[in-house]
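Annotated in Swiss-Prot:
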| type | residues | note |
| --- | --- | --- |
| BINDING | Gly169, Asp170, Arg171, Gln172, Thr173, Gly174, Lys175, Thr176 | ATP binding site |
| SITE | Ser371 | site 'Required for activity' |
Amino acid sequence: MDIRAAEISAILKDQIKNFGQEAEVSEVGQVLSVGDGIARVYGLDNVLAGEMVEFENGTRGMALNLETDNVGVVIFGADREIKEGQTVKRTRSIVDAPVGKGLLGRVVDALGNPIDGKGPIQAVERKRVDVKAPGIIPRKSVHEPMATGLKSIDALIPIGRGQRELIIGDRQTGKTAIALDTILNQKPLNVEGAPESQKLYCVYVAVGQKRSTVAQFVKVLEEQGALEYSVVVAATASDPAPMQYIAPFTGCTIGEYFRDNGMHAVIIYDDLSKQAVAYRQMSLLLRRPPGREAYPGDVFYLHSRLLERAAKLNDEQGNGSLTALPVIETQANDVSAYIPTNVISITDGQIFLETDLFFQGIRPAVNVGLSVSRVGSSAQTKAMKKVAGKIKGELAQYREMAAFAQFGSDLDAATQRLLNRGSRLTELLKQPQFSPLKMEEQVCVIWAGTNGYLDALPLNKVRAFEDGLLALLRGKESGILEAIRTSRDLSDDTAAKLKAVVESYAKTFA
């Protein structure tokens, strides 16, 4: 057999030509110790703060403490599989999450992975979870209403698109119920074919709640047809602390996609007390020095950098907005604890819910005296401004008088009238769950209350009067609601028509 030199040299030349010189470089470290969701890693000298790292078994982690001889990594998952001596490699990417309209109608975990069994998420891009909030120049003052559908909030503590309004109260006072009703109330705005400037997408972040509670919440959204314009981010009680810590940031990034693309979104963090507890756990295990109530010194910055990302952007930036409704759970109505005072000082107002009111049957259990909205009437339509100004004043007088009336039995007629009107208005502001009212319906009902049409009724008939009046306005007299809806104002002409309808209805009701 003859050896063909030319053929051999051709093969060798071909192989030399295709010889790849690029080698895959990966920086690898070793696990020194692991426990309680924290791993100490040696050898990752160039790792960035907040960078994702990957353990041997595929579990991800995030480098938080960069020390001289090791790196403190928080583990996004179970630490049982990770053992001392295993390798850890850099991913060269900061923690990111999927964003986009493909997430609507889905339930995802704290890193944006779907957990609802509906398959992979379609057509999305990825964004970093912890980015800087918009500066001062791109912002605009809040001027459009973000309707919750609850009379006591939309009339007395109005929320605007781009505002941050805290919902604060003890456990079992209806904080999540307010959030849920707000999501359900956006259904008429999110109809097919509606303009993007009208729509309001919803992001609900569940932190440290029971899985059954989150499942129930999602079920209600599905039944009411509200899941199609919502995203649920869940880091439940059984998830490790790092997942509960990162979930609000992931949710915020999902909401920011809408804000930055000229759309509107509302995000509900339920609740930030549990995120602070998870962050405290991580910080103590990373041996960071504790401060007040054993929280780390930067727990204020944790919440401020999250909530500052909710904003109303100006015309050059596309006019989008992200409204934040953080929830804080207090212990025995103590709003002077560390986390509640922090979040109160960051937000643009708060809705106080009280156990006593809840058990008196005033639901939503909003304490109107202590609750404020620092945006105020600029977040209301003209029609609502006209009727809400009056009810605010009357309720304030009523609260003052009710305190004094406990002492004196012989009250003059004017005081008696005031107390009578106040108790009727308080009754009027009650509202059952899952029955949000449109702005124009609230205006008509509150108008009837402040103009004295309820004064003669017994307290237990107020709800029936309201239901009957609304049925009449939605049916035969729908022109009045239509006029208020289109003009967003209560003109003299419409007010006269409304007066005639309410007067004739009051006669038949009596």
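Placement of Cβ uses the backbone N, Cα and C atoms for every residue, glycine included.
These numbers come from a predicted model, not from an experiment.
Sequence features annotated in Swiss-Prot and their locations in the structure.
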| residue | record | Cβ neighbours (10 Å) |
| --- | --- | --- |
| Gly169 | ATP binding site | 27 |
| Asp170 | ATP binding site | 18 |
| Arg171 | ATP binding site | 10 |
| Gln172 | ATP binding site | 13 |
| Thr173 | ATP binding site | 26 |
| Gly174 | ATP binding site | 19 |
| Lys175 | ATP binding site | 24 |
| Thr176 | ATP binding site | 19 |
| Ser371 | site 'Required for activity' | 21 |
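Neighbours of the ATP site: apart from Gly169, Asp170, Arg171, Gln172, Thr173, Gly174, Lys175, Thr176, residues of the same chain with C-beta atoms within 8 angstroms of the site's C-beta centroid are Glu329, Leu353, Thr355, Phe358, Ala365. In this structure, Gly169 (ATP binding site) is part of a beta strand by DSSP. Look at Lys175 (ATP binding site): DSSP puts it in a helix.
Between the C-alpha atoms of Gln172 (ATP binding site) and Ser371 (site 'Required for activity'), the distance comes to 18 Å.
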